[in-house]
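Engineer: Residues or ranges marked as transmembrane segment in TrEMBL: 81-99, 158-179, 219-239, 260-281, 287-311, 437-456, 468-492, 504-524, 582-602, 640-663, 675-695. Among the features that TrEMBL reports, domain 'Ion transport' is placed at 112-314, 432-698.
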Amino acid sequence: MAKPRAESEPLLRRVRGGSGDCPAGLTTCRSVQASPGAAARWGLCIDQAVVFIEDAIKYRSINHRMDTRSLWLYRRYYSNLCQRTLSFTIYLILSLAFIETPSSLSRTADVRYRSPPWEPPCGLTESVEVLCLLVFVADLSVKGYLFGQANFQKNLWLLGYLGVLVVSLIDWTVSMSLLCREPLRVRRLLRPFFLLQNSSMMKKTLKCLRWSLPQMASVGLLLAIHLCLFTMFGMLLFAGEKDDGQNRERMTYFRNLPDALTSLLVLLTTANNPDVMIPAYSRNRAYAIFFIVFTLIGSLFLMNLLTAIIYSQFRGYLMQSLQTSLFRRRLGTRAAYEVLYSTSGDGGASPRGVGVKPQNLLDVLQKVQLNSFHKQALIEVAASLAPAPACSGLLPGGRVGQQPLFRTKDVHPPRPEYQSPFLQSAQFLFGHYYFDYLGNFVALGNIVSICVFLVLDADVLPGDRDDFILGILNCIFILYYLLEMLLKVFALGLQGYLSYPSNVFDGLLTTVLLVLEMSTLAVYRFPHPGWRPQMQGLLSLWDMARLLNMLIVFRFLRIIPNMKPMAVVASTVLGLVQNMRAFGGILVVVYYVFAIIGINLFRGVIVAPPGNSSLAPANGSAPCGSFEQLEYWANNFDDFAAALITLWNVMVVNNWQVFLDAYQRYSGPWSKIYFVSWWLVSSVIWVNLFLALILENFLHKWDPQSHLQPLAGTEEATYQMSVELMFRDILEEPKEEELTERLSHHPYLQLCR
């Protein structure tokens, strides 16, 4: 890559240490109107401002090339089409794990009943994979060009991107050379990197985790000391052989050091409580003191201390990252202002005012890639900014000129205007929130009717039920739901109706209910007394009624935004679902990597018992609570889907000692390292991290001033909700000097003031 050089078109140049005027003969956005080729150069200035605004909206870095060709490529690269193509490519290459050998295309993962799955021929998934890799090569090439060689060499993520692509292509070549018979595909472990590098929030999260590891390691060391000390105490305490209960405790849980350590590690998660205590406690109640003290110190103190440390440390580092994102937004808007900065005078005389012409700002906002409703809101805010008195029609810079543009609320299209007084009254009536309350009351009545019939018909077989009354009621309720949806569309307009997430949820389910009800009537005719027709088609009348009722119950969730105490909780959950994709993405990455490792380590370890009998030795009966007795045969690593479910069951830590014992017997004691590592990463680190973020979000919502914060999913919800905006109130605004200093060091942009 070529080193950063001067752009082909002259840009704004800042003279440090001078009076702020540009050197003679230099064409800038301030004097471009008096220069040859002014239209083209002014168009470049507008394009630069547009890109800076888009960078601010998306919290992107502005340190990229700013010439005409680079700006065209930059905007095409960050267009919806290119970014969705890149996201689809990432999704596609990650999904290959379900189809590649070992394939997950079988009905069940149970080794006793699983039929041989379909395996793709060599070259099928590899062809798709190489196409994805080529897309990533193009993606890296564009990024390398736009940000320049200097930034490329300093960016560890881009260097890692290059390394992963090189290793993946080499491994793909080896795989094709061996006709897909290689024992290990290294590139499968590297695929999650493509997901990580495409999300700035995931990068921030990983960076914060890396910073928080020393504090977490200190608590982890305390946990390790706690486990070791109580392991030795336990082996000494239960070393006697005269007492039967004491001997049973020793032989079952404290037979040797690894078993004792494993038993107490599982007890730390309370998964085997009180099983591990019962043998000794049954003989002498004093033994309970040992297990209670261990649980109090480990589970209730040290584990909760770990959660507190993760909460405090991670939140502190997360705030730093979010502060950086806020700085990027302010820097982008400030850079756009600097590009549009102009003076107006007569024939180059001293300027009458300093600032940005409102029309220039409106021209920029018109070109910004943004939702039409939000763009219109930004334009209205820009048009409403009153010019400073001293600037004579020019918008000032600084905080007055830039920040209000991004303080807009979620906007909705204007309601239709009707001339008839009757239609206006109907529009007011059906657009009022009391009409929503009426709909909630009707939905509640529908739920009550379903509950009544479920109670009355609890002991009646599906084939003997008379669904006449319930069928009539469902028809009436669904017709009301349809009428309610049409009346809301009449009052709000189609675009206005669809601009509310709650209406989209309601309308979608109403449409599905209507289609399903019409299908039921078309197949089984209208309800009548003794309505018990024979099964026709794919579903019986009872199956279609069950599906219909389940959708009606699900639709009842529409009442949540109208119940304020519940709405706060639901808003927090909805906000987490909408805005915590980065943390969910990291969990996907961890699952993916551990699943691939598990397949390579434990594939084929769990085998079907001969004749579907127990795998227990000689006595032919499995111990109570063992892997075989519980019939956990589907928990294996024979394919990617089965590995994911097995990891999920271990992460929940309910009965995870069963997995530890089974895989120790079938593959060796070293398997415990894998499962304990997974427990540490998933249950200890990630779950505690997610819990800390939930606590922070709830505390933010329940703050005495939280009434100023609109609830997610409501009309007052803030525009473009993100993790940054969730904590916007506690972030500090960057200083004007910091913004100016950072702009002065832009590698491709030089400004004059």
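Here the Cβ of each residue, glycine as well, is placed from N, Cα and C on the backbone.
I'm curious about the neighbourhood of these features; can you describe it?
Structural biologist: Tertiary neighbourhood of the transmembrane segment (158-179): same-chain residues 122-123, 126, 129-130, 133, 136-137, 140, 143-144, 147, 152, 185-187, 190-191, 193-194, 197, selected by CB-CB distance under 8 Å and a gap of 6+ residues from either end.
Same-chain residues lying 6 or more positions outside the transmembrane segment (260-281) and placing a CB less than 8 Å from one of its CB atoms are 223, 227-228, 230-231, 234-235, 238, 245-246, 248-249, 252-254, 287-288, 291, 294-295, 298-299, 303, 625, 653-657, 660, 672, 676, 679, 683.
Model confidence over the domain 'Ion transport' (432-698) stands at 80, taken as the mean pLDDT rounded to a whole number.
Tertiary proximity for the transmembrane segment (468-492) is limited to same-chain residues at least six positions away from its ends with a CB under 8 Å from its CB atoms, namely 412, 415-416, 426-431, 435, 439, 442, 445-446, 449-450, 453, 500, 503, 506-507, 510, 513-514, 517, 521, 527-531, 545, 548-549, 552, 555.
Panel annotation: around the transmembrane segment (582-602), residues 94, 97, 102, 184, 188-189, 191-192, 195-196, 199, 201-202, 204-206, 636-640, 643-644, 646-647, 663, 667, 671, 674, 678, 681-682, 686, 689-690, 693, 723 of the same chain, lying at least six beyond its termini, place a Cβ under 8 Å from a Cβ of the stretch.
Within its own chain, the transmembrane segment (640-663) is flanked in space by residues 97-98, 100, 102, 104, 109, 262-263, 266, 269, 271-272, 591, 594-596, 598-599, 602, 605-606, 625-627, 630, 632, 634, 671-672, 674-675, 678-679, 682-683, 687, which lie at least six positions past its ends and keep a Cβ under 8 Å from the stretch.
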Engineer: Contact between the transmembrane segment (287-311) and the transmembrane segment (675-695) is defined here as three or more C-beta pairs under 8 Å separated by at least 6 residues; is that satisfied?
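Structural biologist: The answer is yes, given that the two segments have at least 3 Cβ pairs within the 8 Å cut-off.
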Engineer: Is the transmembrane segment (287-311) packed against any residues at least 6 beyond its ends, judged by a Cβ distance under 8 Å, and which are they?
Structural biologist: 212, 215-216, 218-220, 222-223, 226-227, 230, 233-234, 237, 249, 264, 267-270, 273-274, 276-277, 280-281, 684-685, 688-689, 691-692, 695-696
